[in-house]
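Novice: Annotations for this protein, taken from TrEMBL, read as follows:
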- 9-143: domain 'MARVEL' (DOMAIN)
- 12-32: transmembrane segment (TRANSMEM)
- 38-57: transmembrane segment (TRANSMEM)
- 69-92: transmembrane segment (TRANSMEM)
- 129-150: transmembrane segment (TRANSMEM)
């Protein structure tokens with residue numbers, strides 16, 4: 001396996017890990033009763049990433065699984081955009097405070113309604129950090145897809161070999 005496939009698969013593995021962690025944390029927050037729109041959007045981003053990675057992991061490993069040449073680039077672009085929006089939105093809604101402070105926890109609308117607000121606060125802060133890590137991994141995959149280094153990247157535009165008049 002070439003270095004480009006190994007790097008691409010490593011990034012895909014990290015993306016899957018971050019999506020899994022975010023899905024678990026936000027799912028637990030929703031189960032506790034903290035379900036504002038930003039938490040639901042974060043869960044959507046994790047679920048959408050998992051579905052896309054079911055296609056992107058094989059497409060990164062081998063070109064024969066990339067059915068449409070531009071699809072990995074398009075999915076990487078969408079995932080990068082969605083995760084950036086989720087990371088910014090969740091960080092902005094949470095603010096930067098300690099989850100040990102009762103005054104912060106009781107007034108934060110992101111975790112309002114949770115049966116254990118301190119735990120939901122910590123899970124929301126962890127989700128924010130994992131969203132930024134996932135965003136960095138998706139940016140790396142987007143760069144690899146855009147530069148044509150990864151498996152399943154679009155080919156074309158550059159002719160290889162001599163022109164027909166030179167044969």
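Note: Cβ is positioned from N, Cα and C throughout, glycine not excepted.
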Novice: What residues in the same chain, six or more past the boundaries of the transmembrane segment (129-150), come closer than 8 Å to it by Cβ-Cβ distance?
Specialist: 4-5, 7-8, 11-12, 14-15, 18-19, 21-22, 25, 42, 45, 49, 56, 60, 72-73, 76-77, 79-80, 83-84, 86-87, 90
Novice: Using DSSP, what's the helix, strand and coil tally for the domain 'MARVEL' (9-143)?
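Specialist: Counting residues per DSSP class in the domain 'MARVEL' (9-143), I get 109 helix, 0 strand, 26 coil.
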